Structures are given as structure tokens and as C-alpha cells.
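Annotated features in TrEMBL:
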SIGNAL    1-18  signal peptide
DOMAIN    32-117  domain 'Ig-like'
DOMAIN    122-207  domain 'Ig-like'
DOMAIN    225-311  domain 'Ig-like'
DOMAIN    316-400  domain 'Ig-like'
DOMAIN    406-493  domain 'Ig-like'
DOMAIN    498-586  domain 'Ig-like'
DOMAIN    599-697  domain 'Fibronectin type-III'
REGION    684-709  region 'Disordered'
COMPBIAS  687-696  compositional bias 'Basic and acidic residues'
DOMAIN    702-799  domain 'Fibronectin type-III'
REGION    781-823  region 'Disordered'
COMPBIAS  807-823  compositional bias 'Pro residues'
Amino acid sequence: MRLPWELLVLPSFAVCLAEDYALHGPVFVQEPSHVMFPLDSEEKKVKLNCDVTGNPKPHIRWKLNGTEVDIGVDFRYRVVEGSLLIKNPNETQDAGTYQCVATNAFGTVVSRAARLQFAYLENFKTRARSTVSARQGQGMVLLCGPPAHSGDLSYAWLFNEAPSYQDSRRFVSQETGNLYIAKVEKSDVGNYTCVVTNAVTNHQVLGPPTPLILRNDGVMGEYEPKIEVQFPETVSTAKGGTARLECFALGNPVPTIIWRRADGKPIARKARRHKSNGILEIPNFQQEDAGVYECVAENSRGRNVARGQLTFYAQPSWIQKINDVHVAIEENVFWECKASGRPRPTYRWLKNGEPLSTQDRIQIEQGTLNITAVGLADAGMYQCVAENRHGLIFSSAELSVEAVGPDFSRTLLKKVTLVKVGGDVVIECKPKASPKPVYTWKKGRDRVRESERITISEDGSLRIVNVTKSDAGSYTCVATNHFGTASSTGNLVVKDATRVMVPPSSMDVTVGESIVLTCQVTHDHSLDIVFTWSFNGHLIDFDKDGDHFERVGGQDSAGDLMIRNIQLKHAGKYVCTVRTSVDRLSATADLIVRGPPGPPEAVTIDEITDTTAQLSWRPGPNNHSPVTMYVIQARTPFSVGWQAVSTVPELIDGRTFTATVVGLNPWVEYEFRTVAANAIGIGEPSRPSEKRRTEEALPEVAPANVSGGGGSKSELVITWETVPEELQNGRGFGYVVAFRPHGTAVWMLTVLASADACRYVFRNESVRPFSPFEVRVGVYNNRGEGPAAPASRSESQRRRMPMPEELAPPPRTPALCPPSAPS
């Protein structure tokens with residue numbers, strides 16, 4: 001029994017489609033839009049736009065109110081590049097809803113609907129209007145009664161042929177055109193004329209004047225507001241549009257107008273109020289703006305309220321459109337379109353511009369279309385239409401169905417397929433065919449039988465596992481469907497597998513050594529072989545890293561690696577990879593590099609006193625050789641670089657991670673670092689600790705080289721070497737100078753509060769030249785007094801003798817020595 005679609009003859013365009021995807025159905029570039037045409041236009045023609053692409057070029061037709069426009073019968077109609085031109089349009093024949101219909105060999109699509117309307121404004125009837133009489137203080141409504149028209153109107157009034165201005169007492173409704181006077185006054189007496197303007201044509205007409213006179217039967221008393229202009233019970237506003245509400249009341253005194261929401265929420269700040277609060281406008285209207293609004297009119301006699309519901313609506317808008325689908329015959333097609341809108345849109349489907357309904361293989365459920373076992377007759381242009389009472393939108397897509405016999409012209413079997421003994425191989429068979437063909441395989445002339453080792457997959461590929469030499473040969477894939485049979489042949493060549501005979505060995509080396517990692521294989525010599533080495537997952541670049549890495553081995557079966565002058569960074573995993581066109585295998589070795597330890601970590605000053613510091617640290621990497629000892633170094637602003645310091649314990653073994661540094665100077669800023677050593681050498685030092693200052697203590701060092709001499713008449717000059725800053729032991733450092741005539745018991749004292757002082761001059765008329773004195777100089781700081789230099793002998797007004805060279809102090813940076821004031 002033959003399937004129905006087998007009886008179909010493929011249209012020529014479907015065959016072309018199978019070979020050339022540049023062909024496609026109609027696609028709208030521009031769709032017609034609503035047109036409001038002024039009847040009094042001098043142009044005397046109207047254009048509805050429609051621009052469509054497609055290959056072949058689409059044929060364009062137009063429909064008016066669902067009926068095709070006969071271009072050949074009515075000479076006023078003409079289609080120019082898809083757009084419809086109407087000459088001398090008239091409302092009776094041409095007003096209505098238009099759609100552009102585009103057709104080519106692939107199907108038909110229809111455009112959105114566009115309304116053609118005619119805008120006009122007739123004149124008022126010329127008969128005079130009756131006189132309106134009112135009592136002073138009374139409210140009054142003057143009717144406009146606009147003439148026949150089409151298109152939006154705007155209204156204004158003239159008072160005695162001059163513009164009538166609106167204020168809290170006068171209001172012109174743009175809904176009715178009427179003029180409302182809340183409270184008539186004597187100044188209102190006169191002629192009133194309604195002026196109507198068509199917003200489309202800008203044509204303006206004036207109504208006959210309406211005279212207003214005052215009655216002579218007295219003045220109207222006060223009364224509560226009466227709302228004459230109020231908005232409907234329900235006002236619908238489009239998303240993003242502007243809601244406009246009018247409210248005006250008659251009353252005496254003139255009422256005031258207040259707007260509010262009935263739910264108590266504040267009116268949006270974007271809202272605008274015009275004409276003495278008579279108009280409330282809410283631009284960019286959104287869902288949250290919807291609700292019940294109230295207009296409150298109030299005066300001293302009372303109040304009145306008008307209320308109405310502002311509702312939100314949105315025309316349909318696409319969330320998900322449908323896209324072109326190209327399928328093979330007998331496959332399934334599923335489309336889904338989604339649109340937003342308020343009220344929620346409903347969906348319908350068109351095929352080639354005609355309604356589509358659920359039947360047999362076609363299932364429609366709202367925005368989904370499902371076609372099972374697609375046939376050639378299903379090809380065409382499809383449209384999803386989403387609509388609510390405020391509008392409708394179209395999404396179009398093409399369904400192309402392919403039906404061809406198997407064809408290997410672009411997907412021949414691979415001429416030669418290589419595989420190793422024991423390996424697995426897949427020979428792909430991918431002819432172009434629709435519907436899907438049935439596959440068979442031949443080896444030579446014999447049909448291939450499936451087994452545990454040999455299988456034919458659904459896509460036609462032949463898979464052979466654990467290949468043997470006997471599997472080599474010529475293989476042919478034969479593909480068959482209802483439209484024909486085709487075949488393609490290729491050869492399977494089986495090669496011996498590559499094997500690693502001498503793999504690299506894991507090694508344990510010391511920094512500075514050189515080694516060779518072997519990698520030797522046996523392989524099929526008809527195949528090219530490539531060796532590569534990787535280190536810790538990264539391919540070794542022998543050009544970039546040639547200082548340490550070199551490939552050695554003089555035969556094609558060896559790919560040894562030499563590593564020269566090994567460093568700690570070379571420790572890790574080395575992989576030799578061997579590749580041929582049929583296989584790939586690897587061999588791995590671990591290289592352990594022993595070296596001096598890495599730097600200790602986190603050196604911390606746990607506690608510090610005036611002469612000691614308690615340190616702790618964490619061990620760094622030992623680089624495969626146990627740490628045997630640690631050395632602590634210190635640095636101050638006064639030292640030259642880092643210096644080893646004394647510690648407790650004196651020798652710090654490799655399992656100790658705390659120590660106390662001793663022999664520090666008080667009141668000096670120190671930083672420390674730790675160095676580890678092992679049997680191979682001394683490692684890099686740690687990062688420095690934080691800087692900490694030792695505590696203060698009494699001075700321990702007295703000034704050196706206390707001497708004197710020189711000076712003028714009646715002067716005793718005393719000099720000394722300043723104590724270096726690192727030996728001052730605290731803040732507030734200074735000198736205590738003492739002297740007395742030789743042979744006397746009482747010392748004269750003076751205190752110099754300067755750490756840089758190195759000279760003191762005592763002046764007194766009682767001091768005779770060459771008088772012997774005993775002098776001594778001591779030190780002090782904030783903690784108290786320190787030692788004084790031994791007393792020495794000096795003479796007044798004596799030239800200071802140079803010190804013998806062998807007694808001179810070692811060279812040092814001279815201290816600033818400002819002269820002390822004589823006393």
C-alpha cells in the first residue's frame with residue numbers, strides 16, 4: 001500500500017528549495033497603517049503602504065472589508081511596488097478596513113488591518129439661536145451643538161467676537177463643546193459663539209451667536225454646587241496613553257474643584273491639572289494608575305461628588321513570535337506564539353491567509369500549533385494572530401517541507417579511515433535524504449551483519465569495536481527511501497598499535513643536577529609519529545624554555561627529555577605523549593627536587609621588652625629535606641642591613657618555631673626575619689615582621705672622651721662625645737655636667753636637655769687662667785639618671801691639646817653639637 005504523499009509530484013519550487021535556501025516566502029517589511037484622510041485635501045489621492053520581500057517576488061493584492069479590490073475594474077485603484085494608491089477617494093466607496101495580501105510560490109500572508117477614514121467638518125446651520133436669559137448669580141450652560149463631522153474636534157468660544165478665557169467661573173468642555181458659567185455676572189451679558197476646529201483638517205467653523213441677557217426679577221441666592229460636567233462611569237485608557245477627565249460645577253459662590261482617588265492612595269505625581277482644576281490628565285498611563293477617581297466640587301453652601309472608574313487596557317504585544325521551520329517530510333512541527341495585552345489576547349491561526357482549524361494531524365490550542373507527520377501539502381505560510389478588543393497583531397513564518405531521495409554528492413564516505421588493532425572506529429554515513437532513509441552496509445560484496453562488535457546506529461553510522469586485522473577492507477553505505485537509493489564507498493585500513501617500551505621513571509634529584517627522562521616506543525613505521533612533553537599540565541615550549549629542557553634521542557622511536565640545571569620549580573608531573581594518525585598514548589613520571597628550604601612564614605613579634613623580643617613563625621616548605629636549624633636576623637634604622645642576633649635557645653633546631661631574641665637596645669625600632677637551613681643549604685629569608693620598638697630603660701652608656709680647654713678669659717670649656725641615639729634607651733635624653741675647682745669638695749651642676757649637646761662653657765670672673773678643674777659628664781632620660789664618665793682634669797683658658805691617634809675614638813658620623821650657653 002502506498003502512502004498518500006507518495007502519489008504527490010514534487011512542485012519544481014520544492015526541488016529548488018532543497019538546493020537553494022535563498023528562495024523564501026513573503027515577508028512584510030512595511031505593513032499598512034490607519035489613515036485619516038481630509039476630504040478637502042488638495043492632493044486628491046491616498047496611499048496605503050505595503051512593502052514585501054520574497055523569492056520569487058510576491059504578487060500583491062488588497063482587500064477592502066474582506067473583499068478583494070478589483071484593480072482592473074476600478075481605474076481609481078493602482079498598486080505601486082506593493083502600496084495601494086486611491087485617486088479621488090470618497091467616503092461612500094473607499095472608507096473601511098484594508099489588508100495587503102502577498103503571495104508567491106511558497107504561500108500567502110495577510111497584513112494587519114488598516115482603517116481608511118475621511119475627516120471633514122461641515123458648517124453650522126445658519127438659523128439664529130434663541131436668546132438665553134439668566135438671573136445674576138445663576139449657573140448657565142450654553143450649548144455648542146457641533147455640525148456633522150469626522151475626526152477629532154477641539155472647541156473654543158468667542159464672547160462679543162473676542163476669545164472667551166476660561167477660569168474658575170467659566171469652562172469649555174472638550175467632550176461636548178458646551179460653555180459652562182458657574183455663576184452669571186453682569187459682565188457676562190453679550191453674544192457667545194462656539195468655534196469648532198477639526199484636528200485632522202484644521203478646518204474651523206463658527207456657530208451662530210447665542211445672546212445672553214440678565215433677567216430683571218432679582219439676583220439668584222447662594223446654593224450648593226451642581227456638577228454639570230462629569231466623566232463617564234468607566235473610562236478606558238491605553239497603556240502609555242494619557243487619561244483625561246473633565247469636571248465642572250455650577251454654584252454660588254463659585255465652587256472649587258478637588259481631585260482624589262477613592263481608595264485613599266495619592267494621585268500619581270506625574271498627573272497634571274488644568275483650567276482651574278477642571279481637567280485632570282495622567283500621562284503614560286500604567287496599571288497602577290487604574291482605579292476609582294472622584295471629583296469634589298465644594299463651596300460654602302455644600303459639596304457634591306462625581307466618581308468614575310479609570311480602567312487600563314493594552315493592545316496585544318508580542319512576547320514570542322513564530323520562526324521559519326524547515327523539516328523533512330513525515331517529521332513533526334510545533335509552533336508557539338505568546339502575546340501580552342489587557343484583556344488577555346486570544347489566538348487564531350492562518351495558513352496562506354485562510355483560517356486554520358484543528359483537524360486530524362493539526363492540533364490548535366490557543367497560541368500553539370502542532371502538526372504531526374508533516375506532508376508536502378502542509379508547506380506554506382503560517383500566521384499566528386493575537387487579538388483583544390483593542391487590536392490585533394500578526395506573526396508570520398514559513399513551513400518548508402523537503403522530500404528528496406538519498407544523495408551523497410556533498411557527504412561522501414571518507415575515502416580512507418585509519419584505525420589501530422584493538423581500537424574502535426565509526427564510519428559515518430550522512431546522505432541528504434527526506435524522509436529519513438533505511439541504511440545497509442556492505443564489506444566488499446557481502447552485506448555486513450550486526451554483532452556484539454559491529455553495529456549500525458540510527459543515523460546510519462557503522463561502529464566496529466576491538467578492531468582486528470580481518471576488519472580491513474572496502475565498506476559501502478547504502479541509503480534507501482521512497483524517492484530512491486544511493487551509496488558511497490570508503491576503505492578501512494588497520495594499523496598496528498603503538499606501545500611504550502621504555503616509559504619515563506619517577507626520580508628524586510637535588511637542585512643543580514641534570515637528568516634524562518626516557519620515552520621509547522614501538523609503532524607502525526608507515527605512520528608518522530610525534531612526541532610531546534608536558535609539565536604539570538602545560539605543554540613544554542622547547543624554544544622558550546631551552547635553557548633547561550631539550551629533546552634528545554636520535555631515532556624516530558625515541559623522544560627522551562633532558563632537564564639541565566634542575567631548580568625547585570621543575571618539580572612535578574611530566575607526561576610523554578605519543579601520537580600517530582591512529583592512536584594516542586601517554587606515560588607519566590613524577591620528579592621530586594630536593595633543595596634548600598623555602599622561606600618561613602608569618603614571623604610575629606608576640607611580646608617585646610626593653611632588651612628582648614619573643615618571636616614565633618610557621619615553617620615554610622622543606623623542599624624534601626628536613627629543616628635542621630633556624631637563624632633569626634634583625635634590622636634597625638641604625639644597622640647596616642640585616643644582622644644575626646643572639647637568641648634563647650642559642651641554637652634553634654628545625655622543630656622549634658619560637659625563640660627569644662636577647663641583647664636588644666632599649667627604645668629602638670626593630671624588625672625581624674627568620675632563615676631556615678637544611679642539609680642542602682640555607683634557604684631564602686622570610687618576609688620581615690612588623691616593626692616594633694623596645695621599651696624604655698635607664699641610660700647605660702656614659703659620654704666618652706670628656707675633656708676641656710680653650711675658651712676665652714674667665715671661661716671653663718668642657719667637651720665630650722654624644723651618646724648615639726640607639727644607646728640613649730628612651731625619650732627625654734640629656735646630659736648632666738658637673739665640675740669643681742681641683743681640691744674642693746662641692747660640685748657645681750648644670751643639666752643640658754639636648755641629646756645632641758657635646759660642649760659646655762662656664763664663664764665667671766673668678767675663674768683664673770690655667771686654673772685646674774675636675775669635670776665629669778653624666779646622662780639621663782625620662783626613666784632617670786644613668787652613669788657618668790669618670791672625672792677628668794681640665795684647666796680654664798687652656799688650648800686644647802690634640803688627642804693621641806692611638807686613643808682617638810673609632811670614626812663615626814659626627815653628631816650635631818650646638819654650643820651650650822655660657823653660665
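FYI, residue positions are counted from 1 along the chain as it appears here.
Placed from the backbone N, Cα and C atoms, the Cβ positions cover glycine too.
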PLDDT averaged over every residue in the domain 'Ig-like' (498-586): 93
For the domain 'Ig-like' (32-117): best-contacting stretch of 316-400, 599-697, 702-799, by Cβ pairs under 8 Å: 316-400
Secondary structure content, the compositional bias 'Basic and acidic residues' (687-696) (per DSSP, counts of residues): 0 helix, 2 strand, 8 coil
Secondary structure tally of the domain 'Ig-like' (225-311) (DSSP, helix then strand then coil): 3 helix, 51 strand, 33 coil
